[in-house]
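Visitor: One structure, as structure tokens, below. Some questions next.
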Amino acid sequence: MSVGCPEPEPLHSLPCCGPGAAPVPGAGVPLLTEDMQALTLRTLAASDVTKHYELVRELGKGTYGKVDLVAYKGTGTKMALKFVNKSKTKLKNFLREVSITNSLSSSPFIIKVFDVVFETEECYVFAQEYAPAGDLFDIIPPQVGLPEDTVKRCVQQLGLALDFMHSRQLVHRDIKPENVLLFDRECRRVKLADFGMTRRVGCRVKRVSGTIPYTAPEVCQAGRADGFAVDTGVDVWAFGVLIFCVLTGNFPWEAASGADAFFEEFVRWQRGRLPGLPSQWRRFTEPALRMFQRLLALEPERRGPAKEVFRFLKHELTSELRRRPSHRARKPPGDRLPGPLRLEAPGPLKRTVLTESGSGSRPSPPSVGPVVPVPVPVPVPVPEAGLAPPAPPGRTDGRADKSKGQVVLATAIEICV
């Protein structure tokens, strides 16, 4: 069976909106990756691509590929075309990502894909919705964080996205603000994206190359030879770190390992061996601290499900200290761990990607959001009634408020001390 038939069909049969076919959103019907690997992609020359798709602008570019905002000339439908370099990925991994994304597209909190799947001489290509407001990382004011009402709207929708994934025994494995796409800058509508590292629960994978602050401690400690079995707990941990970041504009640590003094201090607090709170956690209320204790439990089996955050969102999460930007030099006396690591925070962290060692898999290139598919409009998800009042008008970081695609260079988020 060939991907790229001329008539539009639901994505579960994997056609491609090639010449003459109007793009339609995927039907959200799962197709086993094993079945997809038997398919052959339709090959399009560069002239075929420009014949049917008008380039609006480039949205992002990275090691693994690029993302272009295009308009389908037949209908004017805008979409994000993701070009993945063949030299950086295997066909089965590309098809796995498309299949998984489509199988989850029935959730209003997960990015949708169009029935556009093809290859060029150098790239594999698929199309997804376009998110005009970029990603969550882009709007977090460093060392300040987002307004709590905005955070609660975002967390509510991400919790529903993760609960939907986990109920289907799928683990995202790369939860971070860069993979949360926005349709407005007040987070009234957000969607989870980038499923290049997603695997089924219980699947054994090799250790990822490198770590980022969202990586769970059991993943950091996994041996390169043995790897580890995928579990929803890694998403729950990353979700907890993400919530800390959006509330504070800082990372809690650089890596969840014993070599990181900030993480070690957190471990001592979690185990009841530290009198008082670590300085960077003092801004949170008691309900928020209980939430973090559950999401960031050191043992994976003790972490609550992602949807457990909902019961904490009815409470205030931060105290008045939340409104004060953190400064490295302002550390309470006697609140440091011994040694030089506690005296200076690491440098600013920029956008990071993870890959699986020796597996040939890769994360998605910079992802960009979805648009209203044709002819069926995408329904706007509405957070739970009464959860969060409307956000105050305007941006909170002093920059001009203008919708745009994802930015490749990151706004720095620093360690809070």
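Cβ coordinates are placed from backbone N, Cα and C, and glycine is handled just like the others.
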Visitor: Could you look at K51, K78, K82, K86 and say which one Swiss-Prot places alongside L59, G60, K61, G62, T63, Y64, G65, K66, V67 in the ATP site?
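Guide: Of K51, K78, K82, K86, K82 joins L59, G60, K61, G62, T63, Y64, G65, K66, V67 in the ATP site that Swiss-Prot records.
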Visitor: Would you count the other CB atoms within 10 A of the CB of L59 (ATP binding site), including those on all shown protein chains?
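Guide: Within a 10 Å radius of the Cβ of L59 (ATP binding site) lie 26 other Cβ atoms.
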Visitor: Could you find out if DSSP has T63 (ATP binding site) as helix, strand or coil?
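Guide: For T63 (ATP binding site) - judged by DSSP and reduced to three states - the answer is coil.
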Visitor: Measure from the Cβ of D174 (active site, proton acceptor) and count the other Cβ atoms within 10 Å, all protein chains considered.
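Guide: 25, counting other Cβ atoms within 10 Å of D174 (active site, proton acceptor).
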Visitor: I'd like the number of other C-beta atoms within 10 A of the C-beta of T63 (ATP binding site), please.
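Guide: 11, counting other Cβ atoms within 10 Å of T63 (ATP binding site).
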